[in-house]
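Notes follow the structure.
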(Lines of atoms letter the chains of each structure in order from A; the text may use other names.)
(Lines give C-alpha, C1' and ligand atoms only; values in the text may rest on other atoms or scores of the structure.)
Protein backbone atom coordinates (compact mmCIF):
# COMPACT_ATOMS: atom_id res chain seq x y z
CA UNK A 1 0.00 0.00 0.00
CA UNK A 2 1.23 3.48 -0.89
CA UNK A 3 -0.21 6.30 1.19
CA UNK A 4 0.19 9.75 -0.36
CA UNK A 5 -0.40 12.13 2.52
CA UNK A 6 -0.92 15.88 2.41
CA UNK A 7 0.80 17.77 5.24
CA UNK A 8 -0.93 21.14 4.87
CA UNK A 9 1.01 24.40 4.77
CA UNK A 10 2.16 25.38 8.23
CA UNK A 11 4.13 23.01 10.44
CA UNK A 12 4.17 19.38 11.50
CA UNK A 13 0.87 19.78 13.38
CA UNK A 14 -1.11 20.58 10.23
CA UNK A 15 -1.31 16.92 9.30
CA UNK A 16 -4.79 15.39 9.63
CA UNK A 17 -5.63 12.68 12.14
CA UNK A 18 -6.20 10.30 9.22
CA UNK A 19 -2.76 11.18 7.84
CA UNK A 20 -1.05 10.60 11.18
CA UNK A 21 -2.79 7.24 11.59
CA UNK A 22 -1.58 6.21 8.13
CA UNK A 23 2.04 7.12 8.96
CA UNK A 24 1.87 4.99 12.09
CA UNK A 25 1.10 1.94 9.89
CA UNK A 26 4.01 2.50 7.54
CA UNK A 27 7.42 0.82 7.55
CA UNK A 28 8.98 3.51 5.34
CA UNK A 29 8.19 7.23 5.26
CA UNK A 30 9.38 9.45 2.40
CA UNK A 31 8.93 13.19 2.10
CA UNK A 32 8.87 14.97 -1.24
CA UNK A 33 11.22 17.91 -0.86
CA UNK A 34 11.28 19.97 -4.02
CA UNK A 35 7.84 21.13 -5.26
CA UNK A 36 7.13 23.02 -2.03
CA UNK A 37 8.16 23.49 1.60
CA UNK A 38 6.47 23.66 4.95
CA UNK A 39 6.73 27.11 6.51
CA UNK A 40 9.59 25.95 8.76
CA UNK A 41 11.23 23.84 6.03
CA UNK A 42 14.20 26.17 5.62
CA UNK A 43 15.34 25.70 9.22
CA UNK A 44 18.00 23.18 10.18
CA UNK A 45 15.69 21.45 12.67
CA UNK A 46 12.61 21.25 10.43
CA UNK A 47 13.02 17.59 9.51
CA UNK A 48 13.78 16.51 13.07
CA UNK A 49 10.57 18.24 14.21
CA UNK A 50 8.61 16.14 11.73
CA UNK A 51 10.32 12.93 12.81
CA UNK A 52 9.73 13.68 16.48
CA UNK A 53 6.03 14.48 15.98
CA UNK A 54 5.30 11.59 13.59
CA UNK A 55 7.43 9.10 15.52
CA UNK A 56 9.16 7.76 12.41
CA UNK A 57 12.44 8.40 10.56
CA UNK A 58 11.85 10.28 7.30
CA UNK A 59 13.71 9.81 4.04
CA UNK A 60 13.92 12.99 1.95
CA UNK A 61 12.84 12.40 -1.65
CA UNK A 62 14.42 14.96 -3.95
CA UNK A 63 13.57 15.56 -7.62
CA UNK A 64 16.01 12.89 -8.79
CA UNK A 65 14.52 10.23 -6.54
CA UNK A 66 10.89 11.00 -7.40
CA UNK A 67 11.35 11.38 -11.14
CA UNK A 68 14.04 8.77 -11.78
CA UNK A 69 14.09 6.31 -8.89
CA UNK A 70 10.47 6.13 -7.75
CA UNK A 71 10.35 2.43 -8.59
CA UNK A 72 12.48 1.83 -5.50
CA UNK A 73 9.83 2.89 -3.01
CA UNK A 74 6.96 1.77 -5.25
CA UNK A 75 8.44 -1.74 -5.15
CA UNK A 76 8.53 -1.52 -1.35
CA UNK A 77 4.84 -0.55 -1.41
CA UNK A 78 4.02 -3.83 -3.21
CA UNK A 79 4.91 -5.74 -0.05
CA UNK A 80 4.51 -3.24 2.82
CA UNK A 81 2.92 0.05 3.83
CA UNK A 82 4.85 3.06 2.53
CA UNK A 83 4.05 6.75 3.16
CA UNK A 84 4.87 9.52 0.72
CA UNK A 85 4.45 12.92 2.38
CA UNK A 86 3.57 15.97 0.31
CA UNK A 87 3.41 19.60 1.41
CA UNK A 88 -0.10 20.96 0.86
CA UNK A 89 -2.42 18.53 -0.90
CA UNK A 90 -1.25 15.41 -2.79
CA UNK A 91 -2.66 16.68 -6.07
CA UNK A 92 -1.17 20.16 -5.93
CA UNK A 93 1.55 19.12 -8.42
CA UNK A 94 1.45 17.01 -11.58
CA UNK A 95 4.47 15.06 -10.27
CA UNK A 96 2.21 13.40 -7.73
CA UNK A 97 -0.43 12.46 -10.31
CA UNK A 98 2.34 10.78 -12.29
CA UNK A 99 3.35 8.89 -9.16
CA UNK A 100 -0.19 7.54 -8.73
CA UNK A 101 -0.29 6.40 -12.37
CA UNK A 102 3.06 4.62 -12.02
CA UNK A 103 1.97 2.95 -8.79
CA UNK A 104 -1.27 1.66 -10.27
CA UNK A 105 0.56 0.29 -13.34
CA UNK A 106 2.76 -1.70 -10.93
CA UNK A 107 -0.31 -3.05 -9.16
CA UNK A 108 0.29 -1.00 -6.01
CA UNK A 109 -2.80 0.02 -4.09
CA UNK A 110 -2.86 3.79 -3.41
CA UNK A 111 -4.67 5.71 -0.70
CA UNK A 112 -4.80 9.52 -0.70
CA UNK A 113 -5.08 11.67 2.41
CA UNK A 114 -6.02 15.23 1.47
CA UNK A 115 -5.09 18.48 3.21
CA UNK A 116 -5.08 22.24 2.67
CA UNK A 117 -3.00 23.64 -0.20
CA UNK A 118 -2.13 27.05 -1.58
CA UNK A 119 -4.90 26.53 -4.13
CA UNK A 120 -7.57 27.02 -1.48
CA UNK A 121 -5.62 28.81 1.26
CA UNK A 122 -5.38 31.92 -0.96
CA UNK A 123 -9.02 32.42 -0.02
CA UNK A 124 -7.72 34.17 3.12
CA UNK A 125 -7.38 37.40 1.13
CA UNK A 126 -11.12 37.48 0.44
CA UNK A 127 -11.09 36.86 -3.30
CA UNK A 128 -13.62 34.10 -3.92
CA UNK A 129 -12.12 30.81 -5.12
CA UNK A 130 -14.74 30.29 -7.81
CA UNK A 131 -13.70 33.62 -9.38
CA UNK A 132 -10.19 32.39 -10.24
CA UNK A 133 -9.12 31.46 -13.75
CA UNK A 134 -6.23 29.24 -14.77
CA UNK A 135 -3.28 29.19 -12.36
CA UNK A 136 0.13 30.09 -13.79
CA UNK A 137 3.70 29.37 -12.72
CA UNK A 138 6.35 32.07 -13.09
CA UNK A 139 9.94 30.81 -13.53
CA UNK A 140 13.09 32.79 -12.85
CA UNK A 141 14.48 34.74 -15.81
CA UNK A 142 18.06 34.06 -16.80
CA UNK A 143 20.46 36.02 -18.98
CA UNK A 144 19.49 33.93 -21.99
CA UNK A 145 15.97 32.70 -21.15
CA UNK A 146 13.06 35.04 -20.41
CA UNK A 147 9.91 32.92 -20.73
CA UNK A 148 6.53 34.60 -21.10
CA UNK A 149 4.16 31.81 -22.18
CA UNK A 150 2.03 32.36 -19.07
CA UNK A 151 1.22 35.93 -20.18
CA UNK A 152 -1.58 34.77 -22.50
CA UNK A 153 -3.25 32.89 -19.66
CA UNK A 154 -3.18 35.99 -17.46
CA UNK A 155 -4.66 38.04 -20.30
CA UNK A 156 -7.43 35.48 -20.89
CA UNK A 157 -8.26 35.42 -17.18
CA UNK A 158 -8.44 39.20 -16.99
CA UNK A 159 -10.55 39.43 -20.15
CA UNK A 160 -13.03 37.16 -18.39
CA UNK A 161 -12.84 39.22 -15.18
CA UNK A 162 -11.17 36.34 -13.32
CA UNK A 163 -8.36 36.43 -10.75
CA UNK A 164 -5.02 34.76 -11.52
CA UNK A 165 -3.00 32.85 -8.93
CA UNK A 166 0.70 33.03 -9.79
CA UNK A 167 2.87 30.32 -8.24
CA UNK A 168 6.46 31.49 -7.96
CA UNK A 169 9.56 29.52 -8.85
CA UNK A 170 11.27 27.24 -6.33
CA UNK A 171 14.68 25.95 -7.38
CA UNK A 172 15.98 23.26 -5.04
CA UNK A 173 18.77 20.87 -6.02
CA UNK A 174 18.90 22.17 -9.58
CA UNK A 175 22.01 21.02 -11.50
CA UNK A 176 24.33 23.78 -12.70
CA UNK A 177 24.74 24.28 -16.44
CA UNK A 178 28.44 23.47 -16.11
CA UNK A 179 27.74 20.18 -14.36
CA UNK A 180 25.24 19.16 -17.03
CA UNK A 181 27.86 19.80 -19.69
CA UNK A 182 30.47 17.79 -17.81
CA UNK A 183 28.13 14.98 -16.81
CA UNK A 184 28.59 15.35 -13.06
CA UNK A 185 26.19 16.30 -10.26
CA UNK A 186 26.85 19.83 -8.98
CA UNK A 187 23.88 21.83 -7.80
CA UNK A 188 22.88 25.49 -7.62
CA UNK A 189 22.18 27.00 -4.18
CA UNK A 190 18.43 26.88 -3.35
CA UNK A 191 16.45 29.89 -4.68
CA UNK A 192 12.91 30.98 -3.92
CA UNK A 193 11.26 33.66 -6.03
CA UNK A 194 9.93 36.69 -4.16
CA UNK A 195 6.79 38.62 -4.97
CA UNK A 196 9.02 41.58 -5.86
CA UNK A 197 10.99 39.59 -8.44
CA UNK A 198 7.79 38.16 -9.91
CA UNK A 199 6.33 41.65 -10.38
CA UNK A 200 9.53 42.95 -11.94
CA UNK A 201 9.45 40.12 -14.47
CA UNK A 202 5.73 40.54 -15.14
CA UNK A 203 6.17 44.26 -15.82
CA UNK A 204 9.11 43.59 -18.13
CA UNK A 205 6.91 41.25 -20.16
CA UNK A 206 4.02 43.73 -20.24
CA UNK A 207 6.27 46.55 -21.41
CA UNK A 208 7.33 44.46 -24.40
CA UNK A 209 3.70 44.08 -25.51
CA UNK A 210 1.73 46.51 -27.62
CA UNK A 211 -1.39 45.93 -25.53
CA UNK A 212 -0.75 45.07 -21.88
CA UNK A 213 -3.03 42.74 -19.90
CA UNK A 214 -1.92 44.58 -16.75
CA UNK A 215 0.17 47.58 -15.73
CA UNK A 216 2.02 48.78 -12.67
CA UNK A 217 -1.33 50.19 -11.48
CA UNK A 218 -3.10 46.80 -11.61
CA UNK A 219 -4.23 45.70 -8.17
CA UNK A 220 -2.69 42.48 -6.86
CA UNK A 221 -2.40 40.58 -3.61
CA UNK A 222 0.94 39.35 -2.31
CA UNK A 223 0.88 36.39 0.09
CA UNK A 224 3.89 35.09 2.00
CA UNK A 225 4.21 31.97 4.19
CA UNK A 226 0.51 31.32 3.78
CA UNK A 227 -0.88 28.98 6.43
CA UNK A 228 1.83 29.77 8.98
CA UNK A 229 1.60 31.86 12.14
CA UNK A 230 3.52 34.75 10.55
CA UNK A 231 1.75 34.72 7.19
CA UNK A 232 1.67 38.07 5.40
CA UNK A 233 -1.09 39.31 3.08
CA UNK A 234 -0.86 42.71 1.38
CA UNK A 235 -3.17 44.09 -1.32
CA UNK A 236 -2.09 46.95 -3.56
CA UNK A 237 -0.96 47.89 -7.02
CA UNK A 238 2.04 46.19 -8.56
CA UNK A 239 3.93 49.43 -8.06
CA UNK A 240 3.07 49.48 -4.35
CA UNK A 241 3.87 45.80 -3.75
CA UNK A 242 7.31 46.25 -5.30
CA UNK A 243 8.23 48.34 -2.24
CA UNK A 244 7.08 45.78 0.34
CA UNK A 245 9.50 43.42 2.09
CA UNK A 246 7.52 40.18 2.32
CA UNK A 247 10.25 38.36 4.23
CA UNK A 248 11.09 34.69 4.09
CA UNK A 249 9.68 32.22 1.51
CA UNK A 250 7.36 30.90 0.27
CA UNK A 251 5.60 33.65 -1.73
CA UNK A 252 2.72 33.71 -4.21
CA UNK A 253 0.93 36.50 -6.07
CA UNK A 254 -2.67 37.04 -7.14
CA UNK A 255 -3.49 39.39 -10.04
CA UNK A 256 -7.06 40.49 -9.46
CA UNK A 257 -9.82 40.45 -12.06
CA UNK A 258 -13.25 42.00 -11.64
CA UNK A 259 -14.05 42.20 -7.94
CA UNK A 260 -17.35 41.91 -6.09
CA UNK A 261 -18.16 44.54 -3.40
CA UNK A 262 -17.74 41.86 -0.70
CA UNK A 263 -14.33 40.98 -2.08
CA UNK A 264 -13.40 44.67 -2.03
CA UNK A 265 -14.54 44.95 1.57
CA UNK A 266 -12.32 42.04 2.58
CA UNK A 267 -9.36 43.26 0.53
CA UNK A 268 -9.56 46.58 2.31
CA UNK A 269 -8.30 44.93 5.51
CA UNK A 270 -5.08 44.08 3.67
CA UNK A 271 -4.72 47.10 1.43
CA UNK A 272 -1.38 48.89 1.32
CA UNK A 273 -1.67 52.44 2.68
CA UNK A 274 1.48 53.90 1.18
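Placed from the backbone N, Cα and C atoms, the Cβ positions cover glycine too.
Annotated in TrEMBL:
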type: BINDING; residues: 9, 89, 92, 117, 118, 168, 251; note: S-adenosyl-L-methionine binding site
type: DOMAIN; residues: 1-241; note: domain 'Tetrapyrrole methylase'
Test of understanding: give the count of other CB atoms lying within 10 angstroms of the CB of residue 118 (S-adenosyl-L-methionine binding site).
20
Enter the number of other CB atoms within 10 angstroms of the CB of residue 168 (S-adenosyl-L-methionine binding site).
20
I'd like the number of other C-beta atoms within 10 A of the C-beta of residue 9 (S-adenosyl-L-methionine binding site), please.
24
Binding-site residues compared (92, 251) - highest count of Cβ atoms within 10 Å
251
Could you state, as a whole number of Å, the largest distance between Cα atoms of any two of 9, 89, 92, 117, 118, 168, 251, the listed S-adenosyl-L-methionine binders?
17
What are the non-local neighbours of residue 117 (S-adenosyl-L-methionine binding site), defined as same-chain residues 6+ apart in sequence with CB under 8 A from its CB?
6, 9, 88, 89, 92
On the 0 to 100 pLDDT scale, where does the domain 'Tetrapyrrole methylase' (1-241) sit on average?
88
Validating a neighbour-count step here. Other CB atoms within 10 A of the CB of residue 89 (S-adenosyl-L-methionine binding site): how many?
24
